[in-house]
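Q: I have a structure here, written as structure tokens, and I will follow up with some questions on it.
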Amino acid sequence: MMAGSLDAQEASFRHQVVTEEAAVEGNGVGDQVIREVVSIPQTPKGGGTPNGARSPYHSNQVSNAQSHAITPAGTRSPSALASPSMSRSPLLKTPKTPRTPRTPRTPWTPSLSPMGTPMRRVMINMKAYLEDVGHLTRLNPQDAWLPITESRNGNAYYSAFHNLNAGIGFQALVLPVSFTVLGWTWGIISLSAAYIWQLYTLWLLIRLHESIPGKRYNRYVELAKAAFGEKLGGWLSTFPILYLSAGTATALIIVGGGAMKLFFQIVCGPTCASNPLTTVEWYLVFTCLSLVLAQLPNLNSIAWLSLIGAVTAIAYCTLLWILSVSRPRPTGVSYEPVRAKSDVASTFAILNALGAITFAFRGHNIALEIQATMPSSLKHPAHVPMWRGAKVAYLLVAFCLFPLAIGGYWAYGNLIPQGGILNALYGFHNQDIARGLLGLTFLLVVINCLSSFQIYSMPMFDNFEASYISWANRPCPWWVRSGFRVFFVFFAFFVGVALPFLNSLAGLFGGLSLPVTFAYPCLMWVLIKKPEKYSSSWYLNWGLGIVGSILSVAFVVGGVWSIIDTGLKLKFFQPS
């Protein structure tokens, strides 16, 4: 009885295996799994009773299975296929039906909707958001209250306008004076070397603006503190930046007010019966006009003013050298370099002349501020439009400065006064040039000084408002902002009246401000970017930084010596 039950279970188990084999094959599972399932050993025939004896019940089961093994149609029944005895009987074996070839399996692909899965949409949106924000830039909320970073919609055009307006100024007017000491050869070589050097350091500053992921250095002092340390960086950069902003604004009042006085004299003519204003009064007129324009709120809001300043700068530089070259040269013009009484004095005079050349290249102190007005993201970093505009601007700067220096020196030689080519044009050709053309030249100088005053004063306005915001933790009210600007403009006016000889100290101030343009950018690149030691970049930037620092000290000493040697009379509160 027990043996029959075991054989029946065996038959049922084998029928189940065959059924599962067919099902698994239909699902495309590999043959290896099927073989492992089918190869399970069968139960021994005589395992149910001792000594292999069969029970009567088992004999009946076998006879019944054999009698139903062949159906009337001559085919095996399913029970016969599952019977152990039939599977082992050699008399009932028939040829196996060939299997139907399986359909090749296709690789599994996820069925995504056109919009993708929700997680995928979230990741795409997050990536776009981070790119728009500015690759995880940590923004200071107080920057939205300050005039430099209040508006961030600048572009390459704004970059070109601001850089050109800041790159050409009254410092260029004294370039021919430097040639009187250096001569033709060394004058051109020095001017070319200074131009290439400052263009390279400008590129360094533009790339350092976002040198650390998540941080934008919006001001020159911020970058200096990050590179040199909080205390040392502030000490090294604060005074040069202060002079290049406040000092330049003061010098612009002196030059602009003086140009307004000459413009009135040219237009009025020698027979003018009106009582002319004094020099101080012309300074005051220029200061009041500057104060009106100073009420523009932020750096981007003066982009149109920088465009006007850029156009007038190109125009008056071109007019100055064309009018000077087109007129007969004064009698006694010589191109021999001026020699001092001693070798020491000659050396310091050369250093003073080189300092005046370096002082002609300005604008690096506000390069980071200009770049801070531009939006930045991972796909569209701010350095791309900034550099694109700066390249155009400084190409035009070269077209202005080189003809002005070379043409001015050719026209006047050693006879050019210390005030520069503008004073030479008025002194030598005020009678043989049409009054309208001469007056237009001085009017363009006045307009350029007014526009340049705004861009160089903006960092000072920003510092005043930053102090108030850090104290009050709220934006500046309009009356506080206006009060700061009134105070600064009239402070610059007071300094201009007290120190009217500032323009004669171009060499001295060139040495003081030289590190901002020529030395600090190279050193900051090494300290922040950390180029590979002893690589070409490492040698180049360390070399330029050290040489620039040494030249700065030498130019300051040369400027002081030149003041003592030439006997410059420091007339306080006596503008002429």
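Placement of Cβ uses the backbone N, Cα and C atoms for every residue, glycine included.
Pulled these features from TrEMBL for this protein:
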- 57-88: compositional bias 'Polar residues' (COMPBIAS)
- 103-114: compositional bias 'Low complexity' (COMPBIAS)
- 153-564: domain 'Amino acid transporter transmembrane' (DOMAIN)
- 41-116: region 'Disordered' (REGION)
- 184-206: transmembrane segment (TRANSMEM)
- 241-260: transmembrane segment (TRANSMEM)
- 303-324: transmembrane segment (TRANSMEM)
- 344-361: transmembrane segment (TRANSMEM)
- 392-413: transmembrane segment (TRANSMEM)
- 433-457: transmembrane segment (TRANSMEM)
- 478-502: transmembrane segment (TRANSMEM)
- 508-528: transmembrane segment (TRANSMEM)
- 540-564: transmembrane segment (TRANSMEM)
Q: So, do the transmembrane segment (303-324) and the transmembrane segment (540-564) meet, by the test of 3 or more Cβ pairs under 8 Å (sequence gap 6 or more)?
A: no
Q: So which of 241-260, 344-361, 392-413, 508-528 is most in touch with the transmembrane segment (540-564), counting Cβ pairs under 8 Å?
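A: The stretch with the most contacts is 508-528.
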Q: Any contact between the transmembrane segment (344-361) and the transmembrane segment (478-502)? By contact I mean 3+ C-beta pairs closer than 8 Å, pairs at least 6 apart along the chain.
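A: Touching, no - the transmembrane segment (344-361) and the transmembrane segment (478-502) miss the threshold of 3 or more Cβ pairs under 8 Å.
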Q: Out of 184-206, 241-260, 433-457, 478-502, what stretch is closest in contact terms to the transmembrane segment (508-528), meaning most Cβ pairs under 8 angstroms?
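A: Maximum Cβ contact count belongs to 184-206.
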Q: To the transmembrane segment (184-206), which of 241-260, 392-413, 433-457 is linked by the most Cβ pairs under 8 Å?
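A: When the Cβ pairs under 8 Å are tallied, 392-413 comes out ahead.
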